[in-house]
Amino acid sequence: MQYFRPTVTTKEHDFGLGAPVSEAEKYQNILQLEQEVRNQDKFISSLKLQIEDLKQTNHGLEEYVRKLLDGKEVVSSRVEDLTSHNEHLCQELIKIDQLAEQLEKEKKFVVDTADKELEEAKIELICQQNNIIVLEDTIKRLRSIILETEKAQNKSPSRLDSFVKTLEADREYYKREAQNLRKMIRSRSKSPRRPSPSSRGTNCDVELLKTTRDREELKCMLEKYERHLAEIQGNVKVLTSERDKTFLLYEQAQEEIARLRREMMKSCKSPKSTTAHAILRRVETERDVAFTDLRRMTTERDSLRERLKIAQETAFNEKAHLEQRIEELECTVHNLDDERMEQMSNMTLMKETITTVEKEMKSLARKAMDTESELGRQKAENNSLRIIMKQS
């Protein structure tokens, strides 16, 4: 363009001067002008092709930017969904923590109650041992009285010896039971280890459904555990009432033995043997009743111990399951946080890409405007050249 302008100016100046020119020079000038016009047309055609390419490129960039904006909206909605899902899981985790604390408190309450019951059973065992000692003393006194009575009546003491041996065997049995109870109190089971957590899930929706289902299962298990605790408390109350009745029976038996002792002391002065035999039968009957009550009480003690053991194992299993579920939910929340951070980083990269593309579009738009202005100047010069050619 800079090359053509001086030439045109020179020709116009030459033509404006009106200097005489030959036909050959004029024809030569016309050929030069036509060649320049053809060159300008070629240059304009190439510029038009470049403009079309730039328009297509601009259109492709606009489509790409539109897709990026759509992807940005999708990513934003996804991030919002993940954020709400994360908050929901956090709330569920808080609820599960509260349930775990409540179960821990209830477990402590059950253990404390069981300890109190064991202490009461221990005290009761000591009382029974004291009662056995009192009964042994009473039996010794009765034995001496009966021996004196039988010697007075010239009767064999074999029956009294068998009766005394039976009482001694009962005493040994009670001692063994007391030792077993002491060993049971000393060797109480410890809490089981917590099981390892299961594998983590990958799908957020499936994990949400699984979390909801596990929460319902935990609620059902908690209700079952509460019913079990209520049943244990009822059984403890029943056993407490039975224990009170047993104490009352033992007190009555002790009073009856004291009364029999007094009657025996009175009967020693009379020569009748029927009174001694009646007293002996009463003592045997009371002995059998006391043995039956003690045996029933021992059975109830063993039953209470088994129920307490089952309750402790159930509480430990429930706690382990809740701790495992809490760890799984924490892993899920951690995975969702990582996924959300990854989505946010992808969105940041998309924003940077959109900014870069917008800059390129602006640069291409400026180039297109410069090309269009250059094309306008070329057209103006071509028009001026055509006018000059027509005038010449």
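A Cβ is built for glycine as well, from the same backbone N, Cα and C atoms used for every other residue.
Listed in TrEMBL:
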COILED    44-138  coiled coil
COILED    208-270  coiled coil
COMPBIAS  183-193  compositional bias 'Basic residues'
COMPBIAS  369-380  compositional bias 'Basic and acidic residues'
COMPBIAS  381-392  compositional bias 'Polar residues'
REGION    181-204  region 'Disordered'
REGION    369-392  region 'Disordered'
Next item on the list: On the DSSP side of things, how many residues of the compositional bias 'Polar residues' (381-392) fall into helix, strand and coil, could you say?
Entry: 11 helix, 0 strand, 1 coil
Next item on the list: Please average pLDDT over the coiled coil (44-138) for the predicted structure.
Entry: 78
